[in-house]
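Feature list (source: TrEMBL):
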DOMAIN    81-225  domain 'Nose resistant-to-fluoxetine protein N-terminal'
REGION    697-749  region 'Disordered'
SIGNAL    1-24  signal peptide
TRANSMEM  236-258  transmembrane segment
TRANSMEM  296-318  transmembrane segment
TRANSMEM  338-363  transmembrane segment
TRANSMEM  383-403  transmembrane segment
TRANSMEM  446-466  transmembrane segment
TRANSMEM  473-492  transmembrane segment
TRANSMEM  521-537  transmembrane segment
TRANSMEM  549-573  transmembrane segment
TRANSMEM  667-688  transmembrane segment
């Protein structure tokens, strides 16, 4: 048995000498070269070129000795180890022959690190060139792009670091563990086969002490090649659905145009999708004189919506392939970063407005019905008005989203459809903040869940408050304080810190203190109580206030908001001692409540004529039209940001200027899509609802103001559909998302 065995080894050695070119032999023996610091070029000495030589060599040795490094277990019939070895050999031979199609394979590989020590841990290569690479040898030979993950802990442990490089937040900046490298191989090679070949090449070129070769480098989910598109059932349904919507828009608009030219009467149901009918309701601003309108809320809503897009934009911006990624840790120490770190305060603005408008609308309805609410219809109308836009976004994510982009960053960021696979139903039932807090389908929809749950609980507060007045404020206030105490106790029990960036359990913190409804009740109740006093004591008249008290109110309001935003900034500086747990436990809930009180002053002062230029600006008619798009913007904007980020195939640069440019980019696309969504889904639902339920457009008479000597009518610029509730029992409460969900049909605007 020894003789055939020795003969086999000799044959393998001869094959190795014949197959390995001179330049590859030199690189083969040059183990002192370092994979992560050595010079890398697109010429023969690079890993990309040597890979095909060494992979062919390995295949020849394995075939001659009967040894198989790895056998594909992938279920896809496209992968075949023998075909992979054949295609790799063909590419190697064509490379040596300087054939362009073959040179494209190593040309598309990522080059070894540039800016590695500044956190640039990815070299993507050229994705599009790789998947487009092809040749014909009787059968097609196509390229397949894979994003390899190299474990570099062994290498980095040898680096002698300078610990006084610059001041930074050290508790979050850890040693890099993974370097991502784009590679291009034949489409016949499975992930397991490619992983084995890449490890073989790296071990021979750079040795075994640089990369952890036991760590899987190639995974099937991070590989992609051009394959025929196979539409699933949900994809076909989505295409048909969106096609029908476009058809309805065209047909309804043509019907509206024809009937207008004829001067003939129009059927409301046939006008539901008419762009000619619905567009003016969004963009036309009419001046009205109605005490039920609080115009400054439009400006507050719009600015808060822009703040939401801004904050979420930075969340996505951080995940991009920055060549100076470590700048993030010094950026956290800047005052500017607090606009993002404490950006969640804009959510409390929405919850405050939600409670205010809830109370205002309910009281108007109960005035009309003598203290009664049609609660089942109230819930029904709420659901059918919120859900269509959310359902359309969920449908898009689960169907056409996967076709919206491709590339190395899509492997990392384009995974929203996977989150929706099991959680879509919770989103449509508005229970995702409790059912799936770690994998919410539409990530920002947690707000819709909380706000809807508060909407369903609202009769427990509104009916007693209407019937018993101030007597009901005591138990309501006690309940709000208990909810505050619950948040404080949760912080202390779980050792949550003052800043999220300091926490090692951010996901748990979000689940326990950010998403739950009970943590948002205090801010919402402040809005309810404020709405109660504004409606019962202040509606339809202006309360005079001495100038020095007005100035005091504005100073306190702005001072409170500045303290909530930048008060804890000094704690994040590297030379500042860490804050005690009790400080973070108290700051989180109290900052939310105090922010709501400050917003309450702004609303009260503007409504009563003490806002001056601030009221003029917040009540600008531009914000009225803009606010009508805010609901769709809120539901859509996160998907726009993720798609734009996941489609990237080049490196980026981290700076505030670049982030703002990206914000304008995302905001513009979101605004455009929101106009379409409002015309195609939100406005038609309102029209259909009105046609079916026959809601009256009659408005209740304004409450007569109490006689006040210096009283004057509140300045009214326009009737806001977002604020004025409808006039029947099913519509007593306006929509209160961080955007402009209508409380009544836009035609009343």
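Cβ from N, Cα, C; glycine included.
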Close approaches to the transmembrane segment (296-318) from elsewhere in its chain (Cβ under 8 angstroms; 6 or more beyond its ends) | 328, 339-340, 343-344, 346-347, 349-350, 353, 356-357, 413, 444, 599, 602-603, 606-607, 611, 614-615, 617-620, 623-624, 626-627, 630, 633-634, 637-638, 641-642, 645, 654, 658-659, 662-663, 666-667, 670, 720, 722-723, 738-740
With the transmembrane segment (236-258) as the reference, find which of 446-466, 521-537, 549-573, 667-688 contributes the most Cβ pairs under 8 Å.
-> 667-688
Report the listed stretch (338-363, 383-403, 446-466, 667-688) having the maximum count of Cβ pairs within less than 8 Å of the transmembrane segment (473-492).
-> 446-466
Do we see three or more Cβ pairs under 8 Å linking the transmembrane segment (549-573) and the transmembrane segment (338-363), pairs being at least 6 apart in sequence?
-> yes
Between 383-403, 446-466, 521-537, who has the most Cβ pairs under 8 Å to the transmembrane segment (338-363)?
-> 521-537
On the DSSP side of things, how many residues of the domain 'Nose resistant-to-fluoxetine protein N-terminal' (81-225) fall into helix, strand and coil, could you say?
-> 56 helix, 29 strand, 60 coil
Is the transmembrane segment (667-688) packed against any residues at least 6 beyond its ends, judged by a Cβ distance under 8 Å, and which are they?
-> 245-246, 248-249, 268-269, 271-273, 275, 277-279, 281-282, 306, 309, 384-385, 388-389, 392, 628-629, 631-633, 635-637, 640, 644, 742, 745-746
